[in-house]
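Here the structure comes first, spelled out in structure tokens, and everything after it is commentary.
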């Protein structure tokens, strides 16, 4: 992977990630394909929304269907018929989410298979091995996601364990040609975030992610943590904010110098009739949409908005039709990619302030201070 940085507007950055499988323009949003599928979408449809890279889930894919069957197809790209690059997370967050079903030690994590209850162990070496077999273009180190809230001592112990796992991940990654990203941890504590960044940069990675955010903290605390973390991150490497997020959170993070994002929000919310538009959120199952002949978003050129009314989408949702979830997902993913394209163009032309002002004005909101 090669990272090129073309332009800056304030702290915001315009660049690209170059892979053998294609170029990813940044800032970029990655749709989530947990089980090797972006829910409800064909790979070609995902690409048609403008997505250039997607995310796969190491934890879930290692359990179902397992790496053996995926390797028989070639790799994850072949298995799911996705032609572009794929980033795989390490499985750390999913293991963290298991709660009492897992036990963390220095070596790694012992946990129960959530499907059949069998005992499984995953550490840095196991995670790197799975991601190598998946053929990931970007591999994430194995880390512990610090719980929220956490005391300084708990956050420090967790972050330092993640640093030791980062070193082991780098060693286990070995000569794998895929890019390897480190993950900054440290809870909501400035000194711990800085210690994490120094430890990771001393090891050396191809990119750096910010983990442990969007885990239940207030938005102000999330952005405050980003404000004191981002300035210490390497300028010549891509920055990835994991699990974020809502359109306004992406806009604010781009203003603060972040290059990459992923989140299940656009696809999950689509299946629940919660749709994103230039003027804000539309809850398609609300009665006001029952007789509306308007498109979902007049400024959107996606297949859904060009061909269907709000009344039709409301009808499909009320009837529980699969087609409704598909059309909603096509729109939400397209909206996110339009947002990213707009951000990229604004940074390139040094008009980001205007873009941000118009983004919030259309939603009837004030621009948050940086």
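From the backbone N, Cα and C atoms, a Cβ is placed for every residue, glycine too.
According to Swiss-Prot:
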- 89: active site, proton acceptor (ACT_SITE)
- 89, 90, 91, 92, 93, 143, 185, 212: substrate binding site (BINDING)
- 243-249: region 'RNA binding' (REGION)
- 262: active site, nucleophile (ACT_SITE)
- 267-271: region 'RNA binding' (REGION)
- 300, 302, 305, 331: Zn(2+) binding site (BINDING)
CB within-chain contacts under 8 A for residue 93 (substrate binding site), separation at least 6: 145, 211, 242, 243
Which listed residue (91, 92, 212) has most other Cβ within 10 Å, given these are binding-site residues: 212
Cα-Cα distance linking residue 89 (active site, proton acceptor) and residue 143 (substrate binding site), given in Å to the nearest integer: 10
Residue 93 (substrate binding site): secondary structure state under DSSP, collapsed to three categories: helix
Zn(2+) site, defined by 300, 302, 305, 331: further same-chain residues with Cβ within 8 Å of the Cβ centre: 295, 296, 297, 301, 303, 304, 306, 330, 334, 335
Inter-residue Cα distance where the pair is residue 262 (active site, nucleophile) and residue 302 (Zn(2+) binding site), in Å: 20
Closest of 89, 90, 92, 185, 212 to residue 331 (Zn(2+) binding site), Cα positions, recorded positions only: 89
Among 300, 302, 305 [binding-site residues], residue with fewest other Cβ within 10 Å: 300
Taken over the region 'RNA binding' (243-249), the model's mean pLDDT: 97
Proximal residue to the residue listed as 'active site, proton acceptor' among recorded positions 185, 262, 300 (C-alpha distance): 262
The one of 89, 143, 262 whose CB sees the fewest other CB atoms within 10 Å, among these recorded positions: 262
Conformational class of residue 300 (Zn(2+) binding site) under the three-state DSSP mapping: coil
Secondary structure tally of the region 'RNA binding' (267-271) (DSSP, helix then strand then coil): 5 helix, 0 strand, 0 coil
